[in-house]
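One structure below.
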Amino acid sequence: MKEQLIPIQWKDDALVLLDQTLLPNEVVYESFNTAEGVWDAIQVMKVRGAPAIGVSAAYGVYLGVKEFVESTEAEFIDEVKRVCAYLATSRPTAVNLFWALERMESVATDHTHLSIAQLKDRLLEEAKEIHREDEEINRQIGEHALTLFHDGMGVLTHCNAGALATTKYGTATAPMYLAKEKGWDLKIYSDETRPRLQGSTLTALELQRAGIDVTVITDNMAAMVMSQGKVDAVIVGCDRVAANGDVANKIGTLGVSILAKYYNIPFYVAAPTPTIDLKTPTGKEIPIEERDASEVINRFGQYSAPKESKVYNPAFDVTPHENVTAIITEKGIVKAPFTENLKKLF
């Protein structure tokens, strides 16, 4: 077992991120000292995964205001709001981003009696608390998910909802790590996840380093693997869950859910409660980020299609709640009717 890769660290008053765009070929950590640097890291996906984005943005708020020298507390609070609004533009789909920024802004608006120096300290402590909470949430999700698994089963996952997408354990991968700790042998199938290949470059990498049995398959092999009886369950992460249980996750998740339903394979979604957005009624209202065409036709510096090709590149799709067997949160396992049962978590 190799040393675990740590995606997010706070060191020497700076945010240290593992540059995930370079994996699996290079392991490079980069320090960020400004909100602008954090914004760019989120946008170009040096850090990715809804929980990790939220934690990074929280630190980004502190970095954006730590050098503030204006004279009044009111001006400082306005600057906190400005930095939060700026960081919110980095990526539109992951609700954890907005949840974390709302928490950071509330620190300022709810403590107007504090001095600027005290507010800065409170902002940093809140960012660290969001960081700590995420690690505990991941373990709790894993413990609940493990009750649905058994030794020797085959599990398919899509994209990376692992330790690299969070702060430790991951969400969808948390039961895989805990199963390893129990001495279980799970057989993991990881979709490569076109076009950015997070399943092969990230999920396979971190599971291999942890000594977990993982096999990489292309996205269009999932049906074959399921038809051969090799998959007993599917578990994925998510970037947002609507109030009715519709799930926004990495592009391709919808197709996996349809296949799982056809082959009568349970389809589980690992979802920290901050990703559950009761203000969004259904998946139709979730904004879907579209990314650059180069990710599809020029991924490795060489064109795989005519340069002038029209390209449609949504980063996420929405899986309807009818395809979801259960949503696994740190507070427990939620099953249909989701509209009613998700509310009970709050």
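Just so you know, glycine gets a Cβ as well, placed from its N, Cα and C.
For Asp239, the entry in Swiss-Prot reads active site, proton donor. There are 32 other CB atoms within 10 A of the CB of Asp239 (active site, proton donor), with all protein chains counted.
Taken from Swiss-Prot, the feature substrate binding site applies to Arg48, Gly49, Ala50, Arg91, Gln198, Asn249, Lys250, supported by sequence analysis. Less than 8 angstroms from the CB of Arg48 (substrate binding site) sit Gln20, Ile42, Asn160, Ala165, Gln198, each of them six or more residues away in the same chain.
What Swiss-Prot records for Cys159 is site 'Transition state stabilizer'. Cβ neighbours of Cys159 (site 'Transition state stabilizer') (same chain, under 8 Å, six or more residues apart in sequence): Asp191, Thr193, Gln198, Gly199, Thr203, Val236, Gly237, Asn249, Lys250, Gly252, Thr253.
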**Request:** Can you see whether DSSP assigns Ala50 (substrate binding site) to helix, strand or coil?
**Result:** helix
**Fill in**
Note on substrate: the CB centroid of Arg48, Gly49, Ala50, Arg91, Gln198, Asn249, Lys250 has further same-chain residues inside 8 Å, namely Ile53, Ala94, Cys159, Asn160, Ala161, Ala165, Gly237, Asp239, Ala315, Phe316
**Shortest C-alpha distance to Asp239 (active site, proton donor) - which of the binding-site residues Gly49, Ala50, Arg91** = Ala50
**Message:** Taking every protein chain in this structure into account, which of the binding-site residues Gly49, Arg91, Gln198, Asn249 has the most other Cβ atoms within 10 Å of its Cβ?
**Reply:** Gly49
